[in-house]
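Student: Sharing a structure here in structure tokens format.
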Amino acid sequence: MGLGERGGWERCESMYCGVETEFSDDVPSLLSFHISTGGFDYVLAPLMNPSYRPSLVEANGSSSDTQVLPVSGSDLVLAPSQWSSHVVGKVSSWIDLDSEDEVLRMDSETTLKQEIAWATHLSLQACLLPTPKGTSCANYARCVNQILPGLTNLQLWLRVPLVKSDGDSMDATSKGLNDSWELWNSFRLLCEHDSKLSVALDVMSNLPSESSLGRWMGESVRAAIISTDSFLTNARGYPCLSKRHQKLIAGFFDHAVQVVVSGKPVHNLPKASDSNTEGTQRHPLRSYLDYVAYLFQKMEPLPEQERLELGYRDFLQAPLQPLMDNLEAQTYETFERDSIKYIQYQRAVAKALVDRVPDAKASELTTVLMVVGAGRGPLVRASLQAAEETDRKLKVYAVEKNPNAVVTLHNLVKLEGWEGMVTIISCDMRFWTAPEKADILVSELLGSFGDNELSPECLDGAQRFLKPDGISIPSSYTSFIQPVTASKLYNDVKAHKDLAHFETPYVVKLHSVARVAPSQSVFTFTHPNFSTKANNQRYKKLRFNLPSDAGSALVHGFAGYFDSVLYKDVHLGIEPTTATPNMFSWFPIFFPLRKPVEVHPDSPLEVHFWRCCGSSKVWYEWTVSSPTPSPMHNTNGRSYGVGL
């Protein structure tokens, strides 16, 4: 049924809401009560009678050959699709695999394996593992790690309380935990980042700081279990959540996290709401479900462009190599749809034309403008519109190396009647001999990291036909990096099981990531650059500090962005704090780390980035030197390079 319909959110897993239940050996009645009557989508239910202990069965003299496990009923009581869609298993909460008591430890190990085997037999989609009892969870993780390789469809959710104390105030429910993220991190590391292991967060009435909560958006959180105790009461007596809880739940909805309601009703609702319109008794937790549904339906509808890009969220793509490869028509069409980008280019060209030619000479002087890398003509069109808007005379050379795009250019010039103004040159800009010098050089050679599609090399080669006082649009661009927690991206890279994929930067629409520190600038290029010592190799050392109240974080890699000055105050970019609104031509770039680095607020993250140039390619190398050194990535461009 779901939490309702909301523009663009219907495809999101977060539209389903569960309820945590006690053990029942009558599962059909359990489902009927909570799903048919209550309106929940699934139950989070124990699979085994909580009084069961393997050692007690043996002490009573029962043979393991004849023993029947006290599970919640035969698999035949529900159809396979019902087990799969409406039941999430809950492993017995008493188990303690790191107990000093050997009998309890052995019972726990046996029961865990039996319950997971039963959940697998039932074709459940997920099973909830209880919270580790202490800070040490090595044996628990070892047993789970033994189980994980044998799972195909079953996901394991480790239950973790959402706790982060500020050092002196301890949450009573935290069981001595200072920061529950540390517990999750150690368990996840012991299980080698297995993609079938996720986390279910117990949301408490007291929430940690915003910085601390933000870390979880980059982790593989599958469920947020909210106790009825965490709800406040509104003026009409109904349950509601604090503003901070509402913001957190909205963030979870946006990251495909499902809400599970847990506990007994603690609100004395008005009598009229005790029964529904048919006069039958309402589910005791229905008002909590209604409030969660209200929060879901209150979400802002996704903008049209965001809906189109849903399939690209956290999807790794190799960056384009337009210098080495010719782009396809579909790629051109995608970029040409980005009207905001060309509006910015038109503004930049218009300002440059006005600066170049004073009003008094507008009817006499003709500005020579060269579009290098003209593609199918959007920059040619933007430049001619800028000339018309400023009433300046313009002569355009459209230089394009892709012979297929040149065909489109010729047709465009005929169709628009530009024959007298536009000359098409089918040639690589680096090897063309221009018949005259240009006043303005316009290009759109920028990649997600600014220089990663070889804009510096191309423009260095093309600036020989720019007048000494000529203008380059763009005039400069700067790359930025930012450390991120990106559990999904890391697991997707790891799934390839080779070194090369960890040494390749990817273009990706970042979504399930936590940005653990503000971005910093890396490399800057300025055009034209007439220096005789021009060199496009670069090196930068950066230090990132986590906010003091954030707690520790695991850095899986670096998000990369760019910001570009087209001309004077006209800029274009994707760096989050200054990004051009509503522009979609560039997704960020992601530089993975072979081994994720744990970073603490009191210990800076020190990163090194190089841009290296060879005779046939350009490549990046990167490494972390502190708090723990990582291997050098992509030495000599062995895994990834951009071909010249």
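Start at 1 and count along the chain as shown; that gives each residue its number.
Heads up, the Cβ atoms here are built off N, Cα and C, so glycines get one too.
In TrEMBL, annotation is done automatically, which means it is predicted and not curated.
Worth saying up front: this structure is predicted, and the values here are computed from it rather than measured.
Marked as active site, proton donor/acceptor by TrEMBL: E444, E453. Annotation source TrEMBL lists S-adenosyl-L-methionine binding site at Y332, K341, Y342, E400, D428, M429. The domain 'PRMT5 TIM barrel' annotation in TrEMBL covers 39-298. Under the heading domain 'PRMT5 arginine-N-methyltransferase', TrEMBL lists 305-473. As annotated by TrEMBL, domain 'PRMT5 oligomerisation' applies to 476-640. Taken from TrEMBL, the feature site 'Critical for specifying symmetric addition of methyl groups' covers F335.
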Student: Taking only the residues in the domain 'PRMT5 arginine-N-methyltransferase' (305-473), give me the average pLDDT of this model.
Tutor: 92
Student: If one looks at the chain holding Y332 (S-adenosyl-L-methionine binding site), which residues at least 6 apart in sequence have a CB under 8 angstroms from its CB?
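Tutor: Expected: G375, R376, A405.
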Student: Within 10 Å of the Cβ of Y342 (S-adenosyl-L-methionine binding site), how many other Cβ atoms can be counted across all chains shown?
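Tutor: There are 20 such Cβ atoms around Y342 (S-adenosyl-L-methionine binding site).
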Student: Long-range neighbours only, meaning 6 or more apart in sequence with Cβ under 8 Å: which ones does E400 (S-adenosyl-L-methionine binding site) have?
Tutor: G373, A374, G375, V406, L409, I424, I425, S426
Student: Drop a 10 Å sphere on every Cβ of the recorded positions D428, E444, E453 and tell me which sphere holds the fewest other Cβ atoms.
Tutor: D428
Student: In sequence order, which residues at least six apart in the same chain have a CB under 8 Å from the CB of F335 (site 'Critical for specifying symmetric addition of methyl groups')?
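Tutor: Non-local contacts for F335 (site 'Critical for specifying symmetric addition of methyl groups'): K341, G375, P378, S585.
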Student: By a simple count, how many Cβ atoms lie within 10 Å of the Cβ of M429 (S-adenosyl-L-methionine binding site), its own Cβ left out?
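Tutor: Around the Cβ of M429 (S-adenosyl-L-methionine binding site), 26 other Cβ atoms lie within 10 Å.
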Student: Pop the Cα-Cα gap between E453 (active site, proton donor/acceptor) and M429 (S-adenosyl-L-methionine binding site) into the table, whole Å please.
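Tutor: With distance taken Cα to Cα, E453 (active site, proton donor/acceptor) is 14 Å from M429 (S-adenosyl-L-methionine binding site).
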Student: Starting from the Cβ of K341 (S-adenosyl-L-methionine binding site), draw a 10 Å sphere and report how many other Cβ atoms land inside it.
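Tutor: K341 (S-adenosyl-L-methionine binding site): 24 neighbouring Cβ atoms within 10 Å.
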Student: What Cα-Cα separation, expressed in whole Å, is found between Y342 (S-adenosyl-L-methionine binding site) and E453 (active site, proton donor/acceptor)?
Tutor: 19
